[in-house]
């Protein structure tokens, strides 16, 4: 991709946008910056980093009318808006940081493991990265997991990696056309971001863009959307919690298997829950696809301790166990967390629902939940969607109130689970802040 002397507008000035500005300027592009709401202190801060950088704010159309060749979008900005559609129709190109990285790794020959899905993608990305490092590969872990890919590339000063392990969101995949992963997975599809996509099929089609090229596909045999993503002529590795597959769970023995070969007992996996058994199978399949030995992978799986805020036990009070799954920001994630826990539950739900339908939680909660505590702006919708299913639902003004009320109703061996099925920004700075408040409320009991 030729960037020299191209006139490029970078839209969105978070970490990804800043990394794109740095990369594009280094490669000779004429770069300007845009943000819909641009505070003077932010202009000053970024201006100190990039001498002579021109800033635009207000309407995106007005900025684009200045003769730009390329619009480089941060993932939080949808390209499905009239101003951007008109820009493309007039010959402009729209891309993001993943497309820029794809150009780099394609030229250099770096291997890429790419991971997406509605739920589990951060856990699988972390596990795959951990396994690659433990097996001796020079590994870069980047993308939606936290470090922007071009920032990671900048830190490496152009040095080729043995493997890039990329967590990719649907937002990042929207304008990615050239990425050709060595191995890739869509872990699952459930309702998420339906405030951005036309419907669930539209969302699934965007996720499936991760399978461009001819690399190994790792697919969830239990998910109808994932089954439909199989590409003709491609090597596919299937994983399943329900029936025999390339990688599968033998329920009677509680062991993961590869075909007929025994792999590992679920009790030897530090990660809790059946959904994490699926995550381990996907991770091992991805790592094998880049040539890592199975025996070493399984040994290292036993030492991976997982991530904070993902079905994480934070403590026990008078026999009542408190579990933090603040990262459960959609219905599918919360349903998986509930399915993976055995004891009776009191579940804290609510926040910003992102246009989801919460009725699938009726089946997930049935027979397991003793009570539900609702918080946040979309608590009324959750109550409507769950109404009539026989659950005792309590509205709480704060997360602290929900923790106190749940604890007052719980008995020894019960679980109080924070798994909101919603984003957090109506009440908190993010899911990590929500987790901190939950933990402090537990400590205050």
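Glycine too: its Cβ is placed from the backbone N, Cα and C atoms.
A quick note: this is a predicted structure, and the numbers were derived from the prediction, not measured.
Here Swiss-Prot flags 117, 118, 119, 120, 121, 122, 123 as ATP binding site, drawing on sequence analysis.
In the three-state DSSP scheme, residue 117 (ATP binding site) falls into the coil class. Around residue 117 (ATP binding site), the same-chain residues at least 6 positions away in sequence with a Cβ under 8 Å from its Cβ are 124, 185, 186, 187, 188, 189, 207, 220.
Residue 118 (ATP binding site) has a Cβ environment of 26 other Cβ atoms inside 10 Å. When other Cβ atoms within 10 Å of the Cβ of residue 123 (ATP binding site) are tallied across all protein chains shown, the result is 27. According to DSSP, residue 123 (ATP binding site) is assigned to a helical segment.
Listed in sequence order, 144, 145, 167, 307, 310, 327 are the same-chain residues six or more apart from residue 122 (ATP binding site) with CB atoms under 8 A from its CB. Cβ environment of residue 119 (ATP binding site): 187, 188, 190, 275, 328, 330, 332, 333, 336 lie under 8 Å away, each six or more residues apart in the same chain. Apart from the site residues 117, 118, 119, 120, 121, 122, 123, the chain places the Cβ of 115, 116, 124, 187, 188, 279, 333 no farther than 8 Å from the centroid of the site's Cβ atoms, the recorded ATP location. Its own atom aside, the Cβ of residue 120 (ATP binding site) has 25 Cβ atoms within 10 angstroms in the protein chains shown. Cβ neighbour count for residue 121 (ATP binding site): 26 (other Cβ atoms within 10 Å of its Cβ, all protein chains included).
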